[in-house]
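Listed in Swiss-Prot for this protein:
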| type | residues | note |
| --- | --- | --- |
| BINDING | 52, 66, 70, 100, 105 | heme b binding site |
| DOMAIN | 9-158 | domain 'Globin' |
| MOD_RES | 2 | N-acetylserine |
| MOTIF | 42-46 | motif 'Homodimerization' |
| MOTIF | 112-124 | motif 'Homodimerization' |
């Protein structure tokens, strides 16, 4: 990802599209979060190995007691960050959380391809959640917001200082 991609301006129109979609999705964020992660694992089954509680679990993914809460947290954080992007001018995740997220992603071996799969899965999840609103403009808005969040996470991807 080039620095010009990361520093793309998030326009008022993009913000409006993201806010409108999130208003609809928010009430169903737990289910959508789970769908989002199931899509990731469908596209890249090996991504399960990045999660200690999934690696050797005999429990089906959709029944794993730890997956849904984690998926919900990630989905909500991603969407809330997108909604706040224009106002804040950057991804809005607490710095301490970003450092922790970056360190975990570094430690577990997350690479660029994982972020690409996650981007695709996120956009597909949103497209399916709000099909009547979906458009190339909305896809682009969510893509720009996701790219900003990923850039912030990648910046913090280094060994934990704790």
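Cβ atoms here come from the backbone N, Cα and C positions, even for glycine.
Location within the structure of each feature annotated in Swiss-Prot.
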{"residue": "52", "record": "heme b binding site", "contacts (Cβ under 8 Å, 6+ apart)": "none"}
{"residue": "66", "record": "heme b binding site", "contacts (Cβ under 8 Å, 6+ apart)": "53, 54"}
{"residue": "70", "record": "heme b binding site", "contacts (Cβ under 8 Å, 6+ apart)": "37, 51"}
{"residue": "105", "record": "heme b binding site", "contacts (Cβ under 8 Å, 6+ apart)": "153, 157"}
- request: According to DSSP, folded down to helix, strand and coil, what is residue 105 (heme b binding site)?
  value: helix
Task: Could you please provide the mean pLDDT value for the domain 'Globin' (9-158)?
output: 90
Query: Around residue 100 (heme b binding site), how many other C-beta atoms are within 10 angstroms of its C-beta?
result: 15
Message: Under a three-state reading of DSSP, tell me whether residue 66 (heme b binding site) is helix, strand or coil.
response: coil
Query: According to DSSP, how is the motif 'Homodimerization' (112-124) divided among helix, strand and coil residues?
result: 13 helix, 0 strand, 0 coil
Query: The record names 52, 66, 70, 100, 105 as the residues that bind heme b; what is their largest Cα to Cα distance in Å?
result: 19
Field: Number of helical, extended and coil residues in the domain 'Globin' (9-158), per DSSP
entry: 119 helix, 0 strand, 31 coil
